[in-house]
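**Q** Here it is: the structure, laid out below.
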Amino acid sequence: MENEGKNNMNGMEMEKGKRESRSRKGVELTMRVLALVLTMAAATVLGVAKQTKVVSIKLIPALPPLDITTTAKASYLSAFVYNISANAIACGYTAISIAILMISRGRRSKKLLMAVLLGDLVMVALLFSGTGAASAIGLMGLQGNKHVMWNKVCGVFGKFCHRAAPSLPLTFLAAVVFMFLVVLDAIKLP
């Protein structure tokens, strides 16, 4: 009789553990989909940002200014290319990790969980470094640098700056989502 009560209690505890595990997997899947959407949006927003404008350049004070058609694109700055690449890599990794975790629903080994944890950690570092690089160059374009006589670029290419700017908080949010995923991954490890 006493054993029946213990078995019944263990059965309820196991059911509760399964529910918690399912809800944790649901949270993880939701966060991974969010990371996928954020990284894809950030890479796309920055990748398609472009503005062409006619800029007047005065070479010699005695001559009239020269009108030159100039284009601003993210691909012209290595920091922006790095940020786009970081987001594209994180997006691809997220899609692969979602597929792997969906395929191995009930059979997640410790090695798989450790690999996902390490992958998520790499994505955190990659996305934060991409945000930092693009933010530094973006700030330089917005404010210029009087010490080295670099002019403000956003004064001339305002549309480009306004189109590219949203990719920075999107990348930052994706990095934060990956940080939460790292915490979830660490909790899952026994």
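Numbering starts at 1 and runs along the chain as it is shown here.
Just so you know, glycine gets a Cβ as well, placed from its N, Cα and C.
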**Q** Taking the topological domains recorded in Swiss-Prot, do Lys110 and Ala134 share a side of the membrane?
**A** no
**Q** Taking the transmembrane segment (164-184) as the reference, which of 29-49, 84-104, 112-132 gives the largest number of Cβ pairs under 8 angstroms?
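**A** Looking at each of 29-49, 84-104, 112-132 in turn, the most contacts to the transmembrane segment (164-184) are made by 29-49.
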**Q** Residues sitting near the topological domain 'Cytoplasmic' (185-190): Cβ under 8 Å, six or more positions beyond its termini, same chain?
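**A** Sequence-remote neighbours of the topological domain 'Cytoplasmic' (185-190) are 24, 108, 110, 113-114, 116-117, 120.
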